[in-house]
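Here's the structure we're looking at; comments come further down.
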Amino acid sequence: MSSIVVVGTQWGDEGKGKITDFLAEQADVIARFSGGNNAGHTIQFGGETYKLHLVPSGIFYKDKLAVIGNGVVVDPVALLKELDGLNERGVSTSNLRISNRAQVILPYHLAQDEYEERRRGDNKIGTTKKGIGPAYVDKAQRIGIRMADLLEKETFERRLKENIEVKNAYFKGMFNETCPRFDEIFDEYYAAGQRLKEFVTDTSKILDDAFVAEEKVLFEGAQGVMLDIDHGTYPFVTSSNPVAGNVTVGTGVGPTFVSKVIGVCKAYTSRVGDGPFPTELFDENGHHIREVGREYGTTTGRPRRVGWFDSVVLRHSRRVSGITDLSINSIDVLTGLDTVKICTAYELDGEEITEYPANLDQLRRCKPIFEELPGWEEDITGCRTLEELPDNARKYLERISELCNVRISIFSVGPDRDQTNLLEQLW
């Protein structure tokens, strides 16, 4: 039995989808464990580019199961749109499995997301307005509707009517707005559930069977550790737990099933949305990184904020996610810069600190302490080993590994599959 968890170590958009797809070649089952269609990942497969939001990366392998675990919140209409898009391009989706315990996103969740952001004004979180947070709130309040409920007409009808009554009272009191009506939701979403019915099952049992059969299971994370609701830059975070530990809760397997945790990062840092970002760049270096790296959100299309690599962030992610191996992407984006910088610590009120603060006001006062290294001009997009990299590029990666106390097992020098290079055997 062997299993690998892939997590983002920064604020999402680190290239997890590409690394998951790369590792999926040798896996038997690929499972998502958190988030929803607020996540976006770009996959290169068969010479084509695909942008996925809910569907696991393993969907492209007909002989492997692609699992949406119970920790994922599912918008059935959005999921069907994604599946139909794949089918139209000749991709079979018959290998998809959806947990019957996954929570369902409904139109009132999207409306609530919009109203909440509007209410916050200048203090808005910067959500994708996909209804993710409100769906997780309903789950915690024990009024959420699960996939198993959606499939049963009478259950769905009863639960939906009850929830609309609750939402109407809340929307009127908080936002002076009304909830979407029952007749605007029921028929469309019940029909969507019936179309998805063939995929819905107890996915925990599927994963347990895979472990018993000593198959290889790959757990695909969404967002990044710094967006984790407990361990990220709270409150500028997502509403779930992208950390590796959530695999057990979000898929229904025990912690003893996890063998390795691959932390994915870029050779720099990027972020979509609001919140503190100590190493953020506003100069020509930032412009270079954003344009060369095509740093625009897969889901939102918004320009991402970019900055130098932050080892304080990565050490925090390594600790709270138990990262055993590092995958560094987009090293090629830094080519052409005279010098490159790594944040080694922060200065807070005149004192040097090496751990990530929990207090947001303290974090805003933090100033990055940088170590400056020489850049490189050589084209590295064809490099396949560390030895083939220019000395300065190799030393840059080695310094990251040293500062973060984790070995580099994968490095990537471009978007294509053959530009992703394995240094250590992971399966």
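Every residue gets a Cβ built from N, Cα and C, even glycine.
The active site, proton acceptor feature in Swiss-Prot is assigned to Asp13; the stated evidence is sequence analysis. Asp13 (active site, proton acceptor) falls outside any helix or strand according to DSSP and counts as coil.
Look at Swiss-Prot and you will find His41 tagged as active site, proton donor, backed by sequence analysis.
Note: Ile331 (GTP binding site) has non-local neighbours Ala267, Ile380, Leu389, Ala393, Tyr396, Leu397, Phe411, Ser412, Val413, i.e. same-chain residues 6+ apart with C-beta under 8 A of its own C-beta. The GTP binding site annotation in Swiss-Prot covers 12-18, 40-42, Arg304, 330-332, 412-414, and the record cites sequence analysis as its basis.
Look at Swiss-Prot and you will find Asp13, Gly40 tagged as Mg(2+) binding site. Gly40 (Mg(2+) binding site) has a Cβ environment of 21 other Cβ atoms inside 10 Å.
Residues or ranges marked as IMP binding site by Swiss-Prot on the basis of sequence analysis: Asp13, Glu14, Gly15, Lys16, Asn38, Ala39, Gly40, His41, Thr128, Arg142, Gln223, Thr238, Arg302. Within the same chain, residues at least six positions away from Arg302 (IMP binding site) with a Cβ under 8 Å of its Cβ are Val272, Gly273, Tyr296.
Per Swiss-Prot, substrate binding site is recorded for Thr298, Thr299, Thr300, Gly301, Arg302, Pro303, Arg304. Arg304 (substrate binding site) is surrounded by 20 other CB atoms, counting those within 10 A of its CB over all protein chains shown.
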Binding-site residues compared (Gly15, Gly301, Pro303) - highest count of Cβ atoms within 10 Å: Gly15
Alpha-carbon spacing, His41 (active site, proton donor) to Thr300 (substrate binding site), which is rounded to whole Å: 12
Candidate with the highest Cβ count within 10 Å, taken from the binding-site residues Thr42, Thr128: Thr128
10 Å Cα neighbourhood of Gln223 (IMP binding site): matching binding-site residues from Gly12, Lys18, Thr42: Gly12
